[in-house]
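This report concerns only the one structure given below.
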Amino acid sequence: MASIAHLIFSGLLAATVANSQQYEGSSRNEDAFNYVQPRNTTIFGQYGHSPAVLPSPNSTGLGEWHAAYAKAREFVSLLTLEEKADMVTGQPGPCVGNIVAIPRLGFNGLCLQDGPMAIRVADYASVFSAGVTAASTWDRDILYERAFAMGQEFRAKGAHIALSPVAGPLGRSAYGGRNWEGFAADPYLTGIAMELSVQGYHDAGVQATPKHFIGNEQETQRNPTFDPNGTVTDVLQEALSSNIDDRTMHELYLWPFANAAHAKAASFMCSYQRLNGSYACQNSKVLNGLLKEELGFQGYVMSDWGGTHSGVASIEAGLDMNMPGGLGPYGTIPEAGSFFGGNVTQAVKNGTVDEARVDDMIVRIMTPYYWLGQDQDFPSVDPSSADLNTFSPRSTWLREFNLTGERSRDVRGDHAKLIRRHGAEATILLKNENNALPLKSPKALAIFGNDAGEPTMGAVNKANFEFGTLAAGGGSGTGRFTYVVSSLEAIKSRAKRANTLVQYWLNNTEVATTDVTTLWVPTPPDACLVFLKTWAEEGEDREHLSVDYDGNNVVFSVARKCNNTIVITHSSGINELPFADHPNVTAILAAHYPGQESGNSIVDVLYGDVNPSGRLPYTIARNGSDYNAPPTTEIATTGKEDWQAWFDEKLEIDYRYFDAHNISVLYEFGFGLSYTTFNLSDINAEPLVKSISSVPEQLPIQPGGNPALWENVYNVSVVVTNSGDVKGKAVPQLYVTFPDNTPAGTPPKQLRGFDKVPLKPGESRAVSFQLMRRDLSYWDVVSQQWLIPEGEFVIRVGFSSRDLREMIRITPVTDST
């Protein structure tokens, strides 16, 4: 690879990334959280630590893809070698990623677009709830319909491929800058969300791209540091290496991606950082071994933008598509060449790369294209995308793109109603003393906080901004708003109908330093609503876990004088909440990033039109210092490969860690209140198969891996009752405790089931949880397979990870042979 690189880059001067969209964060503030890598840290270099798995497996059309696979093979047989190189190499163009057309074969190319909460490079498109918001619903129907609706908009804008959904980051660190793009700090909940999201996109006719595969758990040093005085490939320091052991990889980080593969995901996006030394996009153990062999993945692997660091080595390791195709930071210097492109042609001609491997790369790309019928009547790319795409503006295009069809087409349909409902269903009621909520015909309301009002920095959240509601985070995972309903706007609209007096103060500095009794007139309000926000973005990890803009002191200032202070947070995820125990803080709502209907969603909950049923997809600790697994934010050495993140906590992230060490928390994983109350009773468990062995039957691999792992082996049922006075939705959760003889490090309990159950007052309903073999298995590093341990399991069902009300014991393994 080194000699090829010298051929490519000899004589090239350093190039700037003009006009591209940058996502690397600025330097951290002095008071920011900081974790300096110890000097004695073991350093994993790029080679020799992650085992080689070669050659890259050929696709076979498994998983009902046989007809599409045959079409793809026929298509490849008609290509010239140069066209084959084009099919695996991105080009700058109207979309975030582009594969050029081949008109003589009737192939119109491929359009790849961000992202996980909206089609970002588009106008007149909806901005949906963020991943963490969707996960907070704990609602399978919502997880599916959110992806389906987004898929409809992607397709209508001419995008074949949605760069979504996100399972990496999983949420190892509370400070992760992109945690909000993903779902939950738990592999099971994230896995369900991934599977349903993939199905939703595909049912809308759009290819899903689970990302970022794998171990992408922090933003700091996710990419190499390039030499500003060198060529476009000269690196001063390599990207951080996520060093993960085999069992942790399988039981935590691979788990939700297995769900995505099981759902027949079209493509996977490999991540930026290194993994056990080797860059993720040229790590053959991960791409060939885990994904294509163990999980039977039949689609293609694309690089994250600029995540390709070699040509031949990456191709052999299992990378099928280089995005966006160029060199340098984020691959946005196409005029400097490409690791793929013409070098693929050259490598085939000189025998360095077998042409059959290139053929399989394209078969993998084209099979889902045919499977989803994208060769038939697919909408053209909206020409406005070319004007909005700052990643590859027209001045950088090297090829012609025939952009036809309606410009700035409105693809939103009636999705606003769906987004509003999703935001309300995701809202988590953390505290509700004295039945402060729902609001009861208030005569006067006081609104405080810089999150309440209209956004003040345009339609796209490119950076943090002081004034205006926060409905999305920043980076490639954000969306372009056509409108945002602010909380203040929605409250004023609702209050007008009831002749309620609404007064508001949106300057946090003023509120935090003022006696608020001097602000409101003529008498104290019935309730004081404080709106707070927390920004997070791609490219940098969070500097703290507190709310932004001195929000804590805003709450304390208001609560000193108002005995009915209600706090609402629009946040990327975990916040320290030092005001939670204040006696005058009567209610707290966590709304995360709800998308364009933000204000309407929260008003529906505040006034009781919707009974809150959101539940936490992570743990809120009492103190930020209680969290483990910090991101590496600084190193004390200068070696080129010194940036390391050792996942020494192994399986102990989030609630698993707090449970294992018996640490008190403020609000536990799965927690959330309602305007009603629920009870559980009559737990029962029955096997679904006659005999269960520890070792699974070795069946032919299908997408998702060994089909035996996906077999339902036990059914657990419980009765849920609404014991309150209003209708509501219960969220029963099932947790499994493994036998004592399971290998050391097994968490005390693990989520393995959940449901969302609407109930009228006094109504009861039986709920069933079906446990698959994989749900009762651990990864055995010796035999390299999933095993159900012999002995007694404890099954608990409750309403959070620490509110477990029903328990039953089972002994699944009845066949020890």
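Our numbering is plain: 1 for the first residue shown, then up by one each step along the chain.
Yeah, the Cβs are placed from backbone N, Cα and C, and that goes for glycine too.
For ASP304 (active site), the same-chain residues 6+ apart in sequence whose C-beta sits under 8 angstroms from its C-beta are LYS211, HIS212, MET269, CYS270, SER271, TYR272, CYS281, MET323. According to its DSSP assignment, ASP304 (active site) is coil. Residues annotated as active site in Swiss-Prot: ASP304.
If you look up Swiss-Prot, you'll see ASN40 (among others) marked as N-linked glycosylation site. ASN40 (N-linked glycosylation site) carries neither a helix nor a strand DSSP state and counts as coil.
Counting only same-chain residues six or more apart in sequence, the Cβ atoms lying under 8 angstroms from the Cβ of ASN58 (N-linked glycosylation site) belong to ALA356, ASP360. Annotation source Swiss-Prot lists N-linked glycosylation site at ASN58 (among others).
Under the heading N-linked glycosylation site, Swiss-Prot lists ASN229 (among others).
Feature annotation from Swiss-Prot assigns N-linked glycosylation site to ASN276 (among others). Around ASN276 (N-linked glycosylation site), the same-chain residues at least 6 positions away in sequence with a Cβ under 8 Å from its Cβ are PHE44, HIS49, SER50, SER241, SER242, ASN243, ILE244, ASN283, LYS285. Annotation note: ASN276 (N-linked glycosylation site) sits in a coil segment as assigned by DSSP.
As annotated by Swiss-Prot, N-linked glycosylation site applies to ASN343 (among others), with the evidence given as sequence analysis. A sphere of 10 angstroms centred on the C-beta of ASN343 (N-linked glycosylation site) encloses 23 other C-beta atoms.
The N-linked glycosylation site annotation in Swiss-Prot covers ASN350 (among others), and the record cites sequence analysis as its basis. Around ASN350 (N-linked glycosylation site), there are no C-beta neighbours below 8 angstroms that are at least 6 residues distant in the chain. In the three-state DSSP scheme, ASN350 (N-linked glycosylation site) falls into the coil class.
Among the features that Swiss-Prot reports, N-linked glycosylation site is placed at ASN507 (among others). Just so you know, the Cβ of ASN507 (N-linked glycosylation site) picks up 16 other Cβ atoms within 10 Å once every protein chain is counted.
In the three-state DSSP scheme, ASN584 (N-linked glycosylation site) is classed as coil. Under the heading N-linked glycosylation site, Swiss-Prot lists ASN584 (among others).
Swiss-Prot lists ASN623 (among others) with the feature N-linked glycosylation site. For ASN623 (N-linked glycosylation site), the same-chain residues that are 6 or more apart in sequence and have a Cβ closer than 8 Å to its Cβ are GLU576. The secondary structure of ASN623 (N-linked glycosylation site), as reduced to three states from DSSP, is coil rather than helix or strand.
Under DSSP, ASN662 (N-linked glycosylation site) is assigned to coil, being neither helix nor strand in the three-state scheme. Annotation comment: Swiss-Prot describes ASN662 (among others) as N-linked glycosylation site.
Feature annotation from Swiss-Prot assigns N-linked glycosylation site to ASN679 (among others); the stated evidence is sequence analysis. For the recorded site, ASN679 (N-linked glycosylation site), the DSSP three-state label reads strand. For ASN679 (N-linked glycosylation site), other Cβ atoms within 10 Å of its Cβ number 15.
Within the same chain, residues at least 6 positions away in sequence whose Cβ sits under 8 Å from that of ASN715 (N-linked glycosylation site) are ALA685, GLU686, PRO687, LEU688, SER768, PHE769, GLN770, LEU771. Annotation source Swiss-Prot lists N-linked glycosylation site at ASN715 (among others).
Per Swiss-Prot, signal peptide is recorded for 1-20, and the stated evidence type is sequence analysis.
Under DSSP, ASN343 (N-linked glycosylation site) is assigned to a helix (H, G or I) in the three-state scheme.
Here the Cβ of ASN229 (N-linked glycosylation site) has 9 other Cβ atoms within 10 Å, regardless of which shown protein chain they belong to. Candidate glycosylation sites: ASN40, ASN662, ASN679. Nearest to ASN507 (N-linked glycosylation site) by Cα distance: ASN662. A count of other CB atoms within 10 A of each Cβ picks out ASN584 as the most crowded of the glycosylation sites ASN40, ASN584, ASN662. In this structure the C-alpha atoms belonging to ASN679 (N-linked glycosylation site) and ASN662 (N-linked glycosylation site) are separated by 26 Å.
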